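A.B. asks: The structure follows.
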Amino acid sequence: MATEHVNGNGTEEPMDTTSAVIHSENFQTLLDAGLPQKVAEKLDEIYVAGLVAHSDLDERAIEALKEFNEDGALAVLQQFKDSDLSHVQNKSAFLCGVMKTYRQREKQGTKVADSSKGPDEAKIKALLERTGYTLDVTTGQRKYGGPPPDSVYSGQQPSVGTEIFVGKIPRDLFEDELVPLFEKAGPIWDLRLMMDPLTGLNRGYAFVTFCTKEAAQEAVKLYNNHEIRSGKHIGVCISVANNRLFVGSIPKSKTKEQILEEFSKVTEGLTDVILYHQPDDKKKNRGFCFLEYEDHKTAAQARRRLMSGKVKVWGNVGTVEWADPIEDPDPEVMAKVKVLFVRNLANTVTEEILEKSFSQFGKLERVKKLKDYAFIHFDERDGAVKAMEEMNGKDLEGENIEIVFAKPPDQKRKERKAQRQAAKNQMYDDYYYYGPPHMPPPTRGRGRGGRGGYGYPPDYYGYEDYYDYYGYDYHNYRGGYEDPYYGYEDFQVGARGRGGRGARGAAPSRGRGAAPPRGRAGYSQRGGPGSARGVRGARGGAQQQRGRGVRGARGGRGGNVGGKRKADGYNQPDTKRRQTNNQNWGSQPIAQQPLQGGDHSGNYGYKSENQEFYQDTFGQQWK
């Protein structure tokens, strides 16, 4: 029974039963940092509970907390306190992630409530005790392993080809179900489950890196379209981490060594520069290069830095984009290839010379030379093998040629290329652009009055697949690095532009026309006859049948030069770099692609430090 105190006046006063608040030694430090009294008390309460030490939170986290009003800060700290921090390595970054999630919910007008039910911690703990792996949790992902225990694997970090992408994962599924499944295929290096901070559930996809390529391939065979739960089938395919950047606007006089030195000054982790020279002048490059970095993380950081506009190389802010990653075809498929890719050909080399040089090793089906490279089709693989062994590195018309087996076509890549090309047509449909010095012959097209060529090398479409897919070993001259870049410098591509007015009554059919580049021999100079900037051809007259034409810059329109129009019924895709909607499951994804855009605000300085380094690049059907 509670006792009562009687004062000198004889009146009774209730006893103060509230216990004294215990503060940590860092409480005053929090007040001195500018936190409101109640916020400082709440954070200090977390300190006293032993969930977090003051040394675990850096200045950025405290400063970010000060930006909230008192109610918001208290709600954030309560959510932080209620979170399971047992597997969180960087608690300061985790707190910033909680703050970011809170703001996102506020913007969406949704109630800031507790996250949905997460993983069963008892099962997760049992898994970790059984395997000996570690688990690192951030607001954007859950990373299991990396590296694994020495008892499992003690070798070097796995190389390209050991990672798989797992899509269409049920949102409430976690490591306790994924790990036992995939470890049957082989030893796991790490498993990264992408998380949605707003819901506390996974995003529907994960990346699993195995210790060997064989294990990764086995996982694809075993679990692609595997029913992981009743009615729920996951999709699995080999994933390729991208560590290569495309950089344009490179001075043509620069060498590989100069480019490597210059970009190493402004970025870290640069390991190689892939540079190509002009076919007619080996002393000059083609105005672009590819930068290869140690891994995807360093490449992503370099890309953000180079795209910031603050970094200039040789006084220029260059064009920077992702290059397509290297993808290795199935060894079983490559073992059947009978086509050789020959590069570094001299200008004097003709198809007849190539046929004479290679026919001695076996019967040829076809020889096709395009620019400074060629494809040699053998009737039998043995002949191709002999030719590569004998001719690789040999001198042919003054140049040492390089030979590899051409990589087979990839249908999904072909479909993505078609989408990118159609998008490119729309992007430049109304854009005046003066053509580069070289102009390819007209290529067959479609559309009223004939469509001008896409600007590909002659007869390219017959070799589209091999040409595109081959280049990954030699870093590709164009195909694998996205068509929009083929408008650079010396590239043989027709400029996109409108032609001049056609004469009334005899004009080509409606559609933006093709015109010769200015200043070319045999064509009208700019300002000469028929060179006025044109618009649509006048109506009237007989419509021309479908024919050939080349896209040009400003110039005369008329005669038998075909018109150009937008692709019928084609809607502008999301981006020029990677269209992902309406793709089938079999598309090979790029793992670890950085979050889009250069705006990293609201992340409290943690975006570039291994936080949420991955995104879903695959559309809703993957989730």
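Note: Cβ is positioned from N, Cα and C throughout, glycine not excepted.
Since this is a predicted model, take the numbers as computed values, not measurements.
Features from Swiss-Prot:
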{"type": "MOD_RES", "residues": "Ala2", "note": "N-acetylalanine"}
{"type": "DOMAIN", "residues": "162-241", "note": "domain 'RRM 1'"}
{"type": "CROSSLNK", "residues": "Lys168", "note": "SUMO2 cross-link"}
{"type": "MOD_RES", "residues": "Lys221", "note": "N6-acetyllysine"}
{"type": "DOMAIN", "residues": "243-325", "note": "domain 'RRM 2'"}
{"type": "MOD_RES", "residues": "Lys363", "note": "N6-acetyllysine"}
{"type": "REPEAT", "residues": "460-464", "note": "repeat '2-1'"}
{"type": "REGION", "residues": "460-488", "note": "region '3 X 4 AA repeats of Y-Y-G-Y'"}
{"type": "REPEAT", "residues": "469-472", "note": "repeat '2-2'"}
{"type": "REPEAT", "residues": "485-488", "note": "repeat '2-3'"}
{"type": "COMPBIAS", "residues": "504-522", "note": "compositional bias 'Low complexity'"}
{"type": "CROSSLNK", "residues": "Lys607", "note": "SUMO2 cross-link"}
A.B. asks: According to DSSP, how is the domain 'RRM 1' (162-241) divided among helix, strand and coil residues?
C.D. replies: 19 helix, 35 strand, 26 coil
A.B. asks: Between the Cα atoms of Lys168 (SUMO2 cross-link) and Lys221 (N6-acetyllysine), find the distance and write it as a whole number of Å.
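C.D. replies: It is 17 Å, counting Cα to Cα.
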A.B. asks: So what's the mean pLDDT when you look at the domain 'RRM 2' (243-325)?
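C.D. replies: Taking every residue in the domain 'RRM 2' (243-325) and averaging pLDDT yields 88.
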A.B. asks: Rank the recorded positions Lys168, Lys221, Lys363 by the number of other Cβ atoms within 10 Å of each Cβ and report the first-ranked residue.
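C.D. replies: By the 10 Å Cβ neighbour count, Lys168 comes out on top.
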A.B. asks: Just the number: how many Å between the Cα atoms of Lys363 (N6-acetyllysine) and Lys221 (N6-acetyllysine)?
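C.D. replies: Cα-Cα, rounded: 37 Å.
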